[in-house]
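Copied from TrEMBL, the annotated features are:
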TRANSMEM  14-32  transmembrane segment
DOMAIN    34-154  domain 'Piezo transmembrane helical unit'
TRANSMEM  39-66  transmembrane segment
TRANSMEM  78-96  transmembrane segment
REGION    155-180  region 'Disordered'
REGION    205-225  region 'Disordered'
COMPBIAS  213-225  compositional bias 'Low complexity'
DOMAIN    272-509  domain 'Piezo THU9 and anchor'
TRANSMEM  274-297  transmembrane segment
TRANSMEM  317-336  transmembrane segment
TRANSMEM  345-367  transmembrane segment
TRANSMEM  379-399  transmembrane segment
TRANSMEM  411-427  transmembrane segment
TRANSMEM  447-466  transmembrane segment
TRANSMEM  487-511  transmembrane segment
DOMAIN    547-623  domain 'Piezo non-specific cation channel cap'
DOMAIN    624-786  domain 'Piezo non-specific cation channel cap'
TRANSMEM  699-722  transmembrane segment
Amino acid sequence: RMFHDDELEESEKFYVGQPRVLLLIYALYNTLVARSEMVCYFVIILNHMISASMITLVLPILIFLWAMLSVPRPSKRFWMTAIVYTEVAIVIKYFFQFGFFPWNKHVDYTKDKPYHPPNIIGIEKKEGYVHYDLVQLLALFFHRSILKCHGLWDEDEKGDSPSNKEDTDDELSLTGGRRDSSASLKSVNLAASVESIHVHFPEQQTAIRRKSSSSISQLSHRSSFSSHRSKRGKLCVIKSHCVLCCFRTLQVYVPIRQFFYNLIHPDYSAVTDVYVLMFLADTVDFIIIVFGFWAFGKHSAAADITSSLSEDQVPEAFLVMVLIQFGTMVVDRALYLKKTVMGKVIFQVILVFGIHFWMFFILPGVTERKFSQNTVAQLWYFVKCVYFGLSAYQIRCGYPTRVLGNFLTKSYNYVNLFLFQGFRLVPFLTELRAVMDWVWTDTTLSLSSWICVEDIYAHIFILKCWRESEKRYPQPRGQKKKKVVKYGMGGMIIVLLICIVWFPLLFMSLIKSVAGITNKPLDVSITITLGGYQPIFTMSAQQNQLKTLDPNEFNEFLRSYRGNTAALQFLEGYSREDITRADLEGNSNSLWTISPPSRNKMIQGLLNFDADFTLVISWTIQRILEEMYPYYIKAPSDSLAKPIKQLLRDCKWENITVSLVKNTSEEWWVLNQLGKRNKTSQDSLELFIFSDKVSPPSLGFLAGYGIMGLYASVVLVIGKFVREFFSGISHSIMFEELPNVDRILKLCTDIFLVRETGELELEEDLYAKLIFLYRSPETMIKWTREKT
């Protein structure tokens, strides 16, 4: 060994011998130290998510547009800005906690108002107003100590001393000379002119005496000449103020411009590709919007998106959020394919300002609640912050020079195979990606040719994955397939096909018997109308008048139908909780108000025994109304209630009596049911309601289709895909049974490569070669032979 130290070896042995829990704590601490800047970012974003005020808004924007874009790391100026700003914010919040401020006298009334000015600014009085700010300040000082320990705190200011300014100017000039861009020279000259302003302007008398060819020196000479003419003239004061304002503006503008220019045109860059992670972050945000869209609207009591879509209603908040999220994903894909860092920087700036303005100033007004009280919006914003961090990292490192194929096709294993096939099964995703890639990629191929290459590449990739799996798990010649493979794969397919075929019947049977919910009636009403005259009887049963049978009554009810097979078969589908007995008062709850002429006509009709006197419903009535009262009613999940003929004796309905009771000046009808189960002396009606169980709300969208609807929409569609897998195989043997696809895969990769390098003529030649290969079976056989 080149270096040996007994003390270091003893130290290493000491740490290795420590308990695992202690070693885990050491590892976590070392991770914390190595990523201390990420801890600061996380605490700052968390503080802003909880406080959601203008005071805490500044630092997150500076993180995404300054700190994360700095190369190679954030400067000391940023960390000092964050520390000082946090300290000032703590002092401001503490100062405005005193009770003599007018807005602190009604805190309970204004604490939940999103547009209350102190709430927007962040100076409202509340408990724990400074806890997260103190944690943020502690994290910043912890990171500052880490930088000082490694000598990185003052590293970026070594060349900022006054004695080294000339060297710095020379380095800037040399750097500008190395670059071929004229914009770089302009930026350096502009920076040099600002430096001359910074040096010469504060002392105007010295600037007048010096000779300079710059425009600022000429301006100083003109100002000096004017001062000689009128030392106390207003013109000199106005020009001095103009120069001062120009100087202050340039002092702010030039460093920002130079920062972004150096970011877009770096001297060197370690290109990377985090587009997949950005796409996943956008996908997570998309899922949050779909399942929590109600959090972005005014009324949070709205259920879920499925209930709204089932009523053919598209919520405005859901539509706007989905379109914006999808639009940003499309723009991000276009920037990735064009590899334009400038466009990505502009897009990053627009998104950072736009999303922060919308989330913390517009959304609270739309939802009528503070951002800190909207958990779904907080989760969406946190994932978007992850996206901002990945975007900043992509900008800082630069886009990859070549984008070859799909990110799922980088390895040839089962995981990539199934993920890639799942990606291709998503409706319109493959087509949309292919068209977008064709639009934003320089190519000489037409759209149809482009899609042809993509389809060939996808097919060859799938074959390559299967061939690699055959190499990893070889099957010896002359041996039958193992039972594990046969019963594992074949048995699973058999069970799957059987489940698909019988899915609607099983689903509709189990959804109500196992997961069904009892749907008891809340109101039972009876209305009887003779002919077309005024209703003679109206009565409702509610609350205490709707009773569930006790166990003894239910058993007695079942015993009464012991010999009736049809009735017992019907009763098997109902439990005791599904049956409701309604006790309706026999006296009508409304007076009979009928005109005398109509009354006389109705009496004449009732006295005519040769003619039928009908009700609004279809059964026939007489004075004594025979076989017209249903007694047992089935209440299905829909609104149509039907009598249960299986439970009626001899399939005959019950008899009721109708009588008219007169008072001195009023009259009403009294109805009584003959043959009630509960023998009561008073005039009354008794009704049994059998309520069908209904599906849970979460599965209502499937149960609503019914058995035939499920067969038509699910089974037949899936059967079509299964049939395509089992039929037509003979027509694709020459393209499926390829022993070795490496040469074809390399040809497709070569097409992608020459396209990225701009060799469009070569791309066209390779595409023609690929098409010829698929047109010539003999050539395909030669190209796909196993390597010897």
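Using the three backbone atoms N, Cα and C, a Cβ is placed for every residue, glycine included.
TrEMBL labels come from automatic prediction, so no person has curated them.
Ranked by number of Cβ pairs under 8 Å to the transmembrane segment (345-367), the listed stretches 14-32, 39-66, 274-297 are led by 39-66. Assigned with DSSP, the residues of the domain 'Piezo non-specific cation channel cap' (547-623) fall into helix, strand and coil as follows: 31 helix, 15 strand, 31 coil. Fewer than three CB pairs closer than 8 A are found between the domain 'Piezo THU9 and anchor' (272-509) and the domain 'Piezo non-specific cation channel cap' (547-623), and contact between the two stretches is not assigned (pairs 6 or more residues apart).
Under DSSP, the residues of the domain 'Piezo transmembrane helical unit' (34-154) split into helix, strand and coil as follows: 82 helix, 0 strand, 39 coil. Taken together, the residues of the domain 'Piezo non-specific cation channel cap' (547-623) have an average pLDDT of 75.
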